[in-house]
Amino acid sequence: MNIETNTVPQNLDLAQRVEELAAAAETHDGVAPLSEQFLIGLRDDRLGHRHLLAIEGDEVLGVAALDGQTVELFVGVDNRGRGIGKALVDALPASPQIWAHGNLPAAQALAKRNEMDVVRRLLVMAIEGRDLRAAEEAPTTVDGLEIQTYTESVERFGREHVEAEWVRTNNEAFSWHPEQGGWDLERLHRGMEAEWFDPADVLFLWDSHGGAHSAPTMAGFHWLKWHAEDTPAFGEVYVVGLAEDYRGRGLGGPLLTAGLQRMVEKGADKVILYVEADNDPAVKAYERLGFSIAEEHCVWAKSD
């Protein structure tokens, strides 16, 4: 077995083999080993991901995908227990931060053998059935503000203004966030290239404080994702955020509810979201709505 550095997006056959290996791991483990961005990075070299592959003959045994110091790593189901995970970790650059999606026992054991500790926890929370139907019946109207889809907003205010406001609001809402913060239009457009993107599933909260003849200000947005490939299909609160000047005014609830209504209209009986485990106010707010913790994803790293 060899550990090879490879530019996977430049070899589509190799990218497909890694995707198939990841799909088999997801079926076996019940959780995807690679997140959406790292899956996209297998084919899109604009993301600049590096890949370490454990190779034996023509077979890919395991994969480590790197974005700077952030790593997502997994071993194929049929080749676990052979030390491949350790070999991949040993080949990583110094001070990696390794995601363990689902924080499965094997990942925990590998991390502990390498003297790593959990430095970040990301929760998947879900709401379904009667709890979802009760939550989506809450009010969505806010005095002086209106909710419109991306399509409706572009028709009224123009694409340039809408997307500039979207980027500004996103960066104010997620100035602290390692993946979601610091976006520009190019990064936004990459996100909109996703096969699942639906402009009708992006909701904006607008403040037309200046009247009909001035451009409105975006107070918040709710970007939804419809998981049509799953059976049954379900919805996701992909990103929801408020602009800095609109926090603390009770606007998050109506904006979230509007998204839940949209997902129920599409036939969802379940909606999920991701939230940082240390964001206690948000976790408690989601629990009050009826969400509960369904999965946990962890980042492991060596302590300073």
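One is the number of the first residue shown, and numbering goes on along the chain from there.
Heads up, the Cβ atoms here are built off N, Cα and C, so glycines get one too.
Summarising the annotation, Swiss-Prot assigns acetyl-CoA 1 binding site to Leu73, Phe74, Val75. If you look up Swiss-Prot, you'll see Val240, Gly241, Leu242, Asn279, Asp280, Pro281, Ala282, Val283, Lys284 marked as acetyl-CoA 2 binding site, on the strength of sequence analysis. What Swiss-Prot lists as domain 'N-acetyltransferase' is 145-304.
Same-chain neighbours of the acetyl-CoA 1 site beyond Leu73, Phe74, Val75, judged by a C-beta within 8 angstroms of the site's C-beta center, are, in sequence order, Ala25, Pro33, Gly62, Val63, Ala64, Gly76, Ile84, Gly85, Leu88. For the pair Leu242 (acetyl-CoA 2 binding site) and Val75 (acetyl-CoA 1 binding site), the Cα-Cα distance reads 39 Å.
Taking the C-alpha positions, the distance from Leu73 (acetyl-CoA 1 binding site) to Asp280 (acetyl-CoA 2 binding site) comes to 28 Å.
By the criterion of other Cβ atoms within 10 Å of the residue's own Cβ, the least surrounded of the binding-site residues Leu73, Val75, Leu242, Ala282, Lys284 is Lys284.
For the pair formed by Phe74 (acetyl-CoA 1 binding site) and Val240 (acetyl-CoA 2 binding site), distance between Cα atoms is given as 30 Å, rounded to the nearest Å.
With respect to their backbone Cα atoms, Ala282 (acetyl-CoA 2 binding site) and Val75 (acetyl-CoA 1 binding site) stand 34 Å from each other. Of all the binding-site residues listed here (Phe74, Val240, Asp280), it is Asp280 whose C-beta has the fewest other C-beta atoms within 10 angstroms.
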